[in-house]
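Student: Would you mind keeping the following structure in view while I ask a few things?
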């Protein structure tokens, strides 16, 4: 994850998305059949489980099951191994998906910059393979 810091400060920061901001491109851009991610746990369920705001993500329903299991089988902490595994695996998949979205955003920003540069060159009259008349003389 630290590679984005190197690219952001030492490379071209204009094509590096901000990891704390929402993506600028629509999620279905290039993927017409792509489904939007939906929360499984409702706001009321998360409030009833007293989840902190940092833990209210797409894996909150697994965390609610884990906390309920821990509460129901209190002295036996090893009884909730499967619930813990499910929550950890969901968090891992969510992390990987967010990193893929970050990379997708970065590549789309690079593509946008290349297209703008090409359009600016064509507006000047310097397309690919063309020579400026001043240079030709």
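Every residue gets a Cβ built from N, Cα and C, even glycine.
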Student: May I ask you to indicate which of 48-58, 59-69, 92-102, 103-113 is given in Swiss-Prot as motif 'Cx9C motif 1'?
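Tutor: The range carrying the motif 'Cx9C motif 1' annotation in Swiss-Prot is 59-69.
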Student: Of 36-46, 80-90, which range does Swiss-Prot call motif 'Cx9C motif 2'?
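Tutor: Range annotated as motif 'Cx9C motif 2' by Swiss-Prot: 80-90.
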Student: Whole-number Å only: compute the distance from the Cα of residue 69 (disulfide bond) to the Cα of residue 90 (disulfide bond).
Tutor: 17
Student: Within 10 Å of the Cβ of residue 80 (disulfide bond), how many other Cβ atoms can you find? Include all protein chains, please.
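Tutor: A 10 Å sphere around the Cβ of residue 80 (disulfide bond) contains 20 other Cβ atoms.
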Student: Measuring Cα to Cα, how many angstrom lie between residue 80 (disulfide bond) and residue 90 (disulfide bond)?
Tutor: 16
Student: Quick one: Cα separation, residue 90 (disulfide bond) versus residue 73 (phosphoserine), in Å?
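Tutor: Residue 90 (disulfide bond) to residue 73 (phosphoserine), Cα-Cα distance: 22 Å.
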Student: So how many of the residues in the domain 'CHCH' (56-98) end up helix, strand or coil by DSSP?
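Tutor: Final tally across the stretch: 35 helix, 0 strand, 8 coil.
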